[in-house]
Amino acid sequence: MRFDKFTTKFQQALADAQSMALGQDHPYIEPQHLLLALMQQDDGSITSLLQRAGVNAQPLRQALTQSLKLLPKVEGTGGEINVSRDLANLLNLTDKEAQKRGDQYIASEMFLLAALEDKGETGRLLKQYGATRAALEQAVDSVRGGEKVTDAEAEGSREALKKYTLDLTERARSGKLDPVIGRDDEIRRTIQVLQRRTKNNPVLIGEPGVGKTAIVEGLAQRIVNGEVPETLKNKRVLSLDMAALLAGAKYRGEFEERLKAVLKELAQDEGRTIVFIDELHTMVGAGKAEGAMDAGNMLKPALARGELHCVGATTLDEYRKYVEKDAALERRFQKVLVDEPGVEATIAILRGLQEKYELHHGVEITDPAIVAAAELSHRYITDRFLPDKAIDLIDEAAARIRMEQDSKPEVMDKLDRRLIQLKIEREAVRKEKDDASKKRLALLEEEISKLEREYADLDEILKAEKSRAKGSQEIKEELDKLRREEEAARRKGDLQRASELLYGRIPQLEAQLAEQLHHAESAEEAVQPKLFRTQVGAEEIAEVVSRATGIPVSKMMQGEREKLLFMEDKLHERVIGQDEAVRLVSDAIRRSRSGLADPNRPYGSFLFLGPTGVGKTELCKALAGFLFDSEEHLIRVDMSEFMEKHSVARLIGAPPGYVGYEEGGYLTEQVRRKPYSVILLDEVEKAHPDVFNVLLQVLDDGRMTDGQGRTVDFKNTVIVMTSNLGSQMIQQMSGDDYQVIKLAVMGEVKTYFRPEFINRIDEVVVFHALGEAHIKSIARIQLSNLGKRLAQMEMKLVVSEPALTKLAEVGFDPVFGARPLKRAIQAQIENPLAKELLEGHFSAGDTILVEYSNGHMQFTAQR
């Protein structure tokens with residue numbers, strides 16, 4: 001018996017049988033060992049072959065295991081285990097069977113045919129569980145497809161379609177695919193291309209997330225429902241799994257062997273199968289080693305001859321990058337462009353998917369949530385595409401509510417923690433014997449019993465709410481199951497069963513569900529508070545958007561409305577004087593938050609003009625602090641760094657071919673990460689004039705294209721440019737009316753900036769020079785900051801009025817604005833106070849009183 005003539009699979013089974021015999025202390029390898037080893041192989045080909053021949057595989061496996069337990073055992077042999085006489089005879093019979101069929105190698109299924117002729121236990125068991133010679137031979141012929149076994153790996157390449165593809169039509173039949181709404185034109189165009197005589201291979205090209213794969217799933221559903229032309233009826237749509245094809249292909253030629261087996265089976269199928277290759281570009285170069293062919297080249301002949309009916313899908317970028325380079329492959333495909341659906345189409349798609357997501361999460365998705373998901377994702381998530389980004393919002397919001405349902409409500413959690421705290425205290429007080437402790441114990445007992453009653457009431461409400469939600473969820477699941485059953489019955493032509501379900505059971509369950517929801521609503525109205533949410537509304541969608549982008553999308557709370565109405569007062573806490581500037585900025589923010597501003601432009605764009613140190617930069621910081629409660633969302637760009645022409649590339653990123661192309665631009669990358677921010681372009685007149693050309697698009701359309709060709713959204717930013725232009729004029733005309741000063745300054749601005757740049761700015765704001773009264777107020781703000789630093793050391797700072805007046809006097813300089821005041825505070829207060837602290841004159845808990853007398857500042861401690 002030549003074991004080298006066995007196929008690899010058969011050799012593996014023999015080795016497994018030997019191992020099995022050794023493990024069970026059997027002296028010989030019996031036919032039962034080998035048959036069980038064949039049935040336990042990973043790919044399960046022998047098991048599926050037996051099932052195809054009408055054999056009950058599972059009971060047969062159990063019977064074989066049982067028969068092995070009855071075999072005699074010999075302990076302590078330790079030597080080589082040989083083949084028994086029965087098995088040797090069977091293997092010879094197997095060789096004969098293979099020769100009859102003209103095979104060059106002996107395959108596993110030949111052993112099954114030989115085993116049927118066996119007079120021993122194996123043959124008896126096979127016959128007992130339904131094996132017949134005719135059925136087994138028929139099963140072998142259908143698996144082989146008329147092929148002879150010509151190499152040792154022949155078994156591995158069988159049923160390649162089953163191993164390396166996923167049947168989409170079967171998934172559609174069992175209701176596992178999501179419904180495909182709309183996309184009729186694209187599906188019709190795909191069907192049209194599939195019906196061509198040559199080049200009948202459509203490739204769906206579109207941005208990621210627009211629904212290319214969904215179109216193929218829609219085609220599979222139409223084929224199952226019979227809503228396709230006669231030529232496509234009863235065809236299968238198989239999705240090729242490239243990962244499975246490549247996985248485990250260790251040796252040269254193994255991948256090609258697998259792909260060849262797939263193509264061979266498709267050719268034998270005679271056009272009854274449509275192959276879907278998702279991410280088509282992965283075929284170009286897949287499996288390519290030195291001197292070997294890649295998958296793309298292997299597909300070309302099959303595509304050209306029309307043996308392979310193929311639908312591809314890939315993105316625009318990858319199609320251009322990989323497929324277009326291979327002109328011979330590209331010409332075999334017909335392009336079908338898939339555009340991003342609009343907001344209305346997305347709403348229709350979401351309504352179609354609504355039931356599936358409700359069923360999965362066990363929550364109710366309201367119609368306002370669907371509309372909000374489409375509109376908010378379109379407006380605020382600009383770097384992705386509809387409908388994918390809208391579906392993500394619905395999914396995440398529903399998942400969040402589901403998570404809330406599965407965890408303990410916040411109000412109960414707080415009660416629980418409070419009860420634990422009180423019980424710990426009660427145990428501690430119990431050990432004390434004095435009267436005060438006894439009184440405290442009585443109070444604690446009363447408090448604990450009160451909280452326990454409250455907790456028990458809430459627990460009852462929670463249980464009732466959960467049971468209502470569970471009841472409606474069970475009805476929904478049953479409804480979904482019956483609808484799938486009704487569709488299957490209609491397809492089979494079992495109209496009696498379909499009508500029973502459609503006009504009997506389904507309406508009955510729908511009425512039951514409506515009644516349950518009605519009861520739930522009336523129960524919710526009667527019981528307050530409601531402990532957990534069961535609905536996804538527009539507010540929940542807005543929360544998800546806000547969390548993902550940092551943009552406040554949710555409805556304004558009363559507190560925020562008041563905050564916006566009194567915005568000027570809040571900004572004036574940090575910016576002294578400059579009433580006109582503060583008012584203009586506040587108006588722009590109120591316009592945008594109330595929803596009246598143009599959604600395609602930034603919230604506001606301003607040019608702040610004025611002398612140094614009058615509060616231009618400070619107003620930007622105050623604005624960032626007001627909008628985001630921190631200055632982290634202030635993107636500050638010092639335009640003096642962009643004095644050369646080539647420095648524009650630093651703002652938007654280097655173009656292709658230049659060093660730093662992958663890094664992105666300084667401004668564009670920050671805005672992509674923080675789309676809701678205040679952008680401060682400081683000292684704008686110091687930048688090269690070409691920088692302003694880049695800003696034109698931002699100011700007009702609220703977008704900028706970076707060095708990598710990505711569009712960055714500036715629609716949720718406030719853009720502020722500061723400049724010292726006309727500052728001398730402002731100093732000279734400080735006593736004049738604001739409008740007069742503005743007109744004079746604008747004359748100088750127009751000589752420096754181009755008209756198209758000035759024309760795109762919302763407001764040019766002129767900051768006037770500061771007076772002595774303003775400086776005194778600024779001194780108070782700066783001293784309060786010093787007070788905060790001292791408060792960390794547990795000290796208080798009190799500055800007398802004369803000392804404050806002196807500081808304002810020393811720090812006042814009409815040319816330099818408020819900046820000299822900082823230096824004055826450092827020189828007059830911080831420096832001497834630092835010495836006093838180091839000498840130990842003040843300690844924690846002291847109040848430091850600062851007074852001015854005899855020409856200098858004096859510090860005294862008040863304890």
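For all residues, glycine too, the Cβ spot is worked out from N, Cα and C.
The feature domain 'Clp R' is assigned by Swiss-Prot to 3-146. Summarising the annotation, Swiss-Prot assigns region 'Repeat 1' to 6-71. Taken from Swiss-Prot, the feature region 'Repeat 2' covers 83-146. Marked as region 'NBD1' by Swiss-Prot: 159-340. According to Swiss-Prot, the feature ATP 1 binding site maps to Gly206, Glu207, Pro208, Gly209, Val210, Gly211, Lys212, Thr213, an assignment based on similarity to another entry. Annotation source Swiss-Prot lists region 'Linker' at 341-550. The feature coiled coil is assigned by Swiss-Prot to 391-525. Per Swiss-Prot, the feature region 'Disordered' maps to 467-490. Annotation comment: Swiss-Prot describes 560-769 as region 'NBD2', evidence class similarity to another entry. Taken from Swiss-Prot, the feature ATP 2 binding site covers Gly610, Pro611, Thr612, Gly613, Val614, Gly615, Lys616, Thr617, and the record attributes it to similarity to another entry. The region 'C-terminal' annotation in Swiss-Prot covers 770-863 and rests on similarity to another entry.
Sequence features, as recorded in Swiss-Prot, placed on the structure.
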residue	record	Cβ neighbours (10 Å)
Gly206	ATP 1 binding site	21
Pro208	ATP 1 binding site	13
Val210	ATP 1 binding site	22
Gly211	ATP 1 binding site	29
Gly610	ATP 2 binding site	27
Pro611	ATP 2 binding site	22
Gly613	ATP 2 binding site	21
Gly615	ATP 2 binding site	25
Lys616	ATP 2 binding site	27
Thr617	ATP 2 binding site	18
Sort the binding-site residues Pro611, Gly615, Lys616 by C-alpha distance from Val210 (ATP 1 binding site) and give me just the closest. Lys616
In the domain 'Clp R' (3-146), how many residues does DSSP call helix, how many strand, and how many coil? 94 helix, 6 strand, 44 coil
Hey, which of 83-146, 560-769, 770-863 has the most Cβ-Cβ pairs under 8 Å against the region 'Linker' (341-550)? 560-769
Would you count the other CB atoms within 10 A of the CB of Gly209 (ATP 1 binding site), including those on all shown protein chains? 17
With DSSP as the yardstick, break the region 'C-terminal' (770-863) down into helix, strand and coil residue counts. 51 helix, 20 strand, 23 coil
For Pro208 (ATP 1 binding site), identify the closest of the binding-site residues Gly610, Pro611, Val614, Thr617, judging by Cα separation. Thr617
Gly610 (ATP 2 binding site) and Glu207 (ATP 1 binding site), Cα-Cα, nearest whole angstrom: 47
Could you give the Cα-Cα distance between Pro611 (ATP 2 binding site) and Gly209 (ATP 1 binding site), in whole Å? 51
Candidate binding-site residues Gly206, Gly209, Lys212, pick with smallest Cα gap to Lys616 (ATP 2 binding site): Gly209
Among the binding-site residues listed as Gly613, Val614, Thr617, the Cα nearest the Cα of Lys212 (ATP 1 binding site) belongs to Thr617
Residues within 8 Å of the Gly206, Glu207, Pro208, Gly209, Val210, Gly211, Lys212, Thr213 Cβ centre (excluding the ATP 1 site residues themselves): Ala214, Ala313, Thr315, Val338, Glu340, Phe385, Asp388
Do me a favour and check the Cα-Cα span between Gly615 (ATP 2 binding site) and Gly209 (ATP 1 binding site); whole Å is fine. 47
Val614 (ATP 2 binding site) to Gly206 (ATP 1 binding site): how many Å between their Cα atoms? 53
Cα-Cα, Thr617 (ATP 2 binding site) versus Thr213 (ATP 1 binding site), nearest Å, comes out at 51
Compare the Cα of Gly613 (ATP 2 binding site) against each of the binding-site residues Gly206, Gly209, Gly211, Thr213 and report the nearest. Gly209
Within 10 Å of the Cβ of Thr612 (ATP 2 binding site), how many other Cβ atoms are there? 15
Would you list, in sequence order, the residues of this chain other than Gly610, Pro611, Thr612, Gly613, Val614, Gly615, Lys616, Thr617 that have their CB within 8 A of the centroid of the site's CB atoms, where the site is the one recorded for ATP 2? Phe608, Glu618, Thr722, Phe767, Gly817, Ala818
